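Report on the structure given below.
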Amino acid sequence: MRIVTLIFYFLFGALLAWFAARNWDFVTLKLWGDYELAIRLPVLLLLMFLAGALPLAILRYASRWRWSRRVQKLERALEDTQPPLAPTATLTDPAPPPPIAPL
């Protein structure tokens, strides 16, 4: 199954490289007033992808951190409510048998 994902990622990367090579044109963005920004199309798409993906990645990281803290807090509370274990008697090794005299 790992080879299938590797082939998929390779094909996806090749498709992105082909798209970037075929569309390596400048795009003019009209900003406020008379300001214009000329940027290449693949760079613009990458920036827009990162602008959408980074906030969601930060939210996911914060959510995982919050859940891990909540789980740790509940585990500590569970340890506090459990009674301590009774001490068990330790088994000692019996004395070794006496040596056998040679015949």
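Yeah, the Cβs are placed from backbone N, Cα and C, and that goes for glycine too.
Database features (TrEMBL):
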DOMAIN    25-82  domain 'Lipopolysaccharide assembly protein A'
TRANSMEM  37-59  transmembrane segment
REGION    79-103  region 'Disordered'
COMPBIAS  94-103  compositional bias 'Pro residues'
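Over the domain 'Lipopolysaccharide assembly protein A' (25-82), the average per-residue pLDDT in this prediction is 93. Listed as Cβ neighbours of the transmembrane segment (37-59) (distance under 8 Å, sequence separation of 6 or more from its ends, same chain) are residues 19-20, 23-29, 31.
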